[in-house]
């Protein structure tokens, strides 16, 4: 609606009003009614234009009423277990076991918790799930012999479903590139091997960490040779 149309409507409304003789009081009343009518028409026209062109509109909700669309994603990232009841184990090597790698849990900084067992030098998994499996060994030698030295470290699994020993993680290292010359000083060497990975395990699975040359193990310091699992 244009401005000329609004003015014409106001003039028609003034002509339609009955003319009264009463002096200034009647004129003021007519002026008030005319102004009031003009404001109503102008306000309605402005509101229509704003709604029509989308300047204003119905308020939209900033947040969805139903948060169930978000909750599954948040729940997916959380574990059904609390940190206090997750199976965990950390065993250390027995420094007094000559010629073999024997794991112990009754030592400082060693533990078995929430169902994990140490049986026949193997860790027994108490429940199905994802587990972090890790182990470290440290080899030490003096000089290099004429024969090539190969050091291996392997983590194996015997699953309850097929009862076959399968290597999960394995590494091979050779600390000596050449033989120590005759008459030369035999210098010491150190060779650490660390293994770690995440695997899906079943209840009752047995895990072992083994080496091929226990005679080269270094037990000089605690915390150098260990084996463990952590439920995720």
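Any Cβ shown, glycine's included, is placed from N, Cα and C.
Residues annotated as disulfide bond in Swiss-Prot: 144-176. Around the Cβ of residue 144 (disulfide bond), 19 further Cβ atoms fall within 10 Å across all displayed protein chains. Under the three-state DSSP scheme, residue 144 (disulfide bond) falls in the coil class.
Taken from Swiss-Prot, the feature domain 'THD' applies to 87-232, supported by sequence analysis.
Sequence annotations record features per position, and here Swiss-Prot assigns O-linked glycosylation site to 79 based on similarity to another entry.
The N6-myristoyl lysine annotation in Swiss-Prot covers 19 (among others) and rests on similarity to another entry.
Summarising the annotation, Swiss-Prot assigns N6-myristoyl lysine to 20 (among others) and lists similarity to another entry as the type of evidence.
Among the features that Swiss-Prot reports, phosphoserine is placed at 2.
Residues annotated as topological domain 'Cytoplasmic' in Swiss-Prot: 1-34.
As annotated by Swiss-Prot, topological domain 'Extracellular' applies to 58-232, with the evidence given as sequence analysis.
The annotation transmembrane segment is assigned in Swiss-Prot to 35-57 on the grounds of similarity to another entry.
Within 10 Å of the C-beta of residue 176 (disulfide bond) we count 18 further C-beta atoms, all protein chains included.
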